[in-house]
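K.L.:
Straight out of Swiss-Prot:
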DISULFID  12-63  disulfide bond
DISULFID  16-39  disulfide bond
DISULFID  25-44  disulfide bond
DISULFID  29-46  disulfide bond
DOMAIN    1-64  domain 'LCN-type CS-alpha/beta'
């Protein structure tokens, strides 16, 4: 599946700023089991995640920074 994987401790998506963060988003997504990732709308968007990977927003859970 595709989406914004969440940081497990906060329930938030990983924030990024523009194409300069594409490499860090790609690394983050691959660590989450995705095929690749990039910065999109100020968050790391991942493609190819497993169906069990939680993505933002998580129903009933808010982002706590």
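Note that Cβ sites are derived from N, Cα and C of the backbone, with glycine treated the same way.
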K.L.:
Rounded to an integer, what is the Cα-Cα distance in Å between residue 25 (disulfide bond) and residue 63 (disulfide bond)?
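P.N.:
So the alpha carbons of residue 25 (disulfide bond) and residue 63 (disulfide bond) sit roughly 19 Å from each other.
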K.L.:
Do any residues at least six apart in sequence from residue 44 (disulfide bond), in the same chain, have a Cβ closer than 8 Å to its Cβ, and if so which, in order?
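P.N.:
Once residues fewer than 6 apart are set aside, residue 44 (disulfide bond) is near 4, 5, 13, 14, 15, 16, 21, 24, 25, 28, 29, 37, 38.
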K.L.:
Whole-number Å only: compute the distance from the Cα of residue 12 (disulfide bond) to the Cα of residue 39 (disulfide bond).
P.N.:
15
K.L.:
Could you round the CA separation between residue 39 (disulfide bond) and residue 63 (disulfide bond) to a whole angstrom and send it over?
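P.N.:
Here the two Cα atoms lie 19 Å apart.
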K.L.:
With helix taken as DSSP H, G or I, strand as E or B and everything else coil, how many residues of the domain 'LCN-type CS-alpha/beta' (1-64) land in each class?
P.N.:
13 helix, 20 strand, 31 coil
K.L.:
What's the number of neighbouring CB atoms sitting within 10 A of the CB on residue 12 (disulfide bond)?
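P.N.:
By my count, 19.
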K.L.:
When you tally the Cβ atoms that lie within 10 Å of each candidate's Cβ, which of the disulfide-bonded residues (25, 29, 46, 63) has the highest tally?
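P.N.:
In terms of Cβ crowding, the pick is 46.
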K.L.:
List the Cα distance (Å, whole number) between residue 63 (disulfide bond) and residue 46 (disulfide bond).
P.N.:
18
K.L.:
Near the Cβ of residue 39 (disulfide bond), how many other Cβ atoms are there if near means within 10 Å?
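P.N.:
Result for residue 39 (disulfide bond): 21 other Cβ atoms within 10 Å.
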K.L.:
Taking the Cβ of residue 16 (disulfide bond) as the centre, count every other Cβ atom within 10 Å, in any protein chain shown.
P.N.:
21
K.L.:
What is the pLDDT of the domain 'LCN-type CS-alpha/beta' (1-64) when averaged and given as a whole number?
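P.N.:
Per the prediction, mean pLDDT sits at 93 for the domain 'LCN-type CS-alpha/beta' (1-64).
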